[in-house]
Amino acid sequence: MKVLPASGLAVLLVTALKFSAAAPSLFAATPRTSRNNYHLAQAYLDKYYTKKGGHQVGEMVAKGGNSMVKKIKELQAFFGLRVTGKLDRTTMDVIKRPRCGVPDVANYRLFPGEPKWKKNTLTYRISKYTPSMTPAEVDKAMEMALQAWSSAVPLSFVRVNAGEADIMISFETGDHGDSYPFDGPRGTLAHAFAPGEGLGGDTHFDNAEKWTMGMNGFNLFTVAAHEFGHALGLAHSTDPSALMYPTYKYQNPYGFHLPKDDVKGIQALYGPRKTFTGKPTVPHGPPHNPSLPDICDSSSSFDAVTMLGKELLFFRDRIFWRRQVHLMSGIRPSTITSSFPQLMSNVDAAYEVADRGMAYFFKGPHYWITRGFQMQGPPRTIYDFGFPRYVQRIDAAVHLKDTQKTLFFVGDEYYSYDERKRKMDKDYPKNTEEEFSGVNGQIDAAVELNGYIYFFSGPKAYKYDTEKEDVVSVLKSNSWIGC
């Protein structure tokens, strides 16, 4: 696995020429075929097998027969072909494949400086979209492509909607101001800059291409995942099964796992991702910390409440309390970062879908997924659920097991999300107090337990009977943790 130089630019290229069914080795076809193949090969070798120094990508640098034979041999060796120095059919087959355009030659396996990001949380922004796909599809493709890398290393990607991000993503046409113009359909597909200031990490896609989430056209997830590898500091791999192999090959976005070679390469830069498979650390008694919230105060409330396995979790500021459902003993506070480092503090909402073994934690316009206490990839955007853009945060969430609906509370309204269909129900949002008789005030947290929904609003917890459609009792919120 190679690592991209700090000044490196990677471009994904697809040749538009068709295969010649009658072309034997050494151009023994028509003179036109021979000339076309020769010029195509010369351009390819100059682009990918010349150490260009300060030259722009794609610039013609070296000429001459002996130099070309040497480059052909380099190409053949890189792709595991029989090394002859001749432009035989197999070699031309490789030359005509769709591929990424970062050169295949380098002075070192790890380039001088080993360019990489110096922080673990990176921002990204999609500033321009393509008409080939809906914005939601583009958002999803980019998120999944970044998640492919964060699953292997301790990097998190947070999407922002304004300002300058570490990784600026856009769909461009022609000359777009970075000295690497696009050339229309079936030419250069995309390019990405290595980690660094300014253009570092930025990833551009040719808007003239037909982008899809399927096998037709060019699969955006496949190209984006490859280019983000460059944006994180990787060059090409000689392993044909690797995502960072130079030639384009469709990858199914769903169920994709980063190949071993790519894992090895990215972990050489950033180290392996630490997983949290066990139980969180619980101190042997309340921490002696003056900033610990006084949860037993008469006015105290919770930010979020959720089931997690057979336990209940209660969140407040940077602390959470953990208790067995039917036991009130052994309840102790712990910092959120001790078990959920990426959440830090101030969780807005949380809920569990027990049938999937997954829990969802919300903070601002983002959410995280866990299996038990193990984080599953980077943060995602709440707009995946179908929220309108004016919704910036979720106040509370509760999953109803019988109906497989999840209710999201925002202000004095709530939304209903169908977990089976993975989309919002129609005719929402609705007014919370009108739909849930007896529940007053803004909902801070909610959880379903033993057929009841418990709504937490300030210091009160309303026990709501879903069959009677009414509140049957009102408790103190902090009574749930022994106050």
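Quick reminder: no glycine exception, Cβ is built from N, Cα and C everywhere.
Record features (Swiss-Prot):
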type     : residues                                               : note
SIGNAL   : 1-22                                                   : signal peptide
MOTIF    : 98-105                                                 : motif 'Cysteine switch'
BINDING  : Cys100, His226, His230, His236                         : Zn(2+) 1 binding site
BINDING  : Glu164, Ala165, Asp166, Glu197, Gly198, Gly200, Asp202 : Ca(2+) 1 binding site
DISULFID : Cys296-Cys483                                          : disulfide bond
Rounded distance in angstrom between the Cα atoms of Asp202 (Ca(2+) 1 binding site) and His230 (Zn(2+) 1 binding site): 10
Can you name every residue in this chain, apart from Glu164, Ala165, Asp166, Glu197, Gly198, Gly200, Asp202, with its Cβ inside 8 Å of the center of the Cβ atoms of the recorded Ca(2+) 1 site? Ile167, Met168, Gly196, Leu199, Gly201
I need the CA-to-CA distance for His230 (Zn(2+) 1 binding site) versus Ala165 (Ca(2+) 1 binding site), whole Å please. 17
Quick note, His236 (Zn(2+) 1 binding site) and Gly200 (Ca(2+) 1 binding site): C-alpha atoms separated, nearest Å, by 18
If you count, for each of the binding-site residues Asp166, Glu197, Asp202, the other Cβ atoms lying within 10 Å of its Cβ, which residue has the minimum? Glu197
DSSP three-state assignment for Ala165 (Ca(2+) 1 binding site): coil
Given Asp166 (Ca(2+) 1 binding site) and His226 (Zn(2+) 1 binding site), what distance in Å do their CA atoms have, once rounded to a whole number? 17
Using all protein chains shown, find which of the binding-site residues Gly198, Gly200 scores highest when you count other CB atoms within 10 A of its CB. Gly200
Give the residue from the recorded positions Ala165, Cys296, Cys483 that has the most other Cβ atoms within 10 Å of its Cβ, counting over every protein chain displayed. Ala165
Whole-number Å only: compute the distance from the Cα of Glu164 (Ca(2+) 1 binding site) to the Cα of Cys296 (disulfide bond). 43
Lowest local Cβ density (other Cβ within 10 Å) among binding-site residues: His226, His236: His236
Which state, by DSSP, holds His230 (Zn(2+) 1 binding site): helix, strand or coil? helix
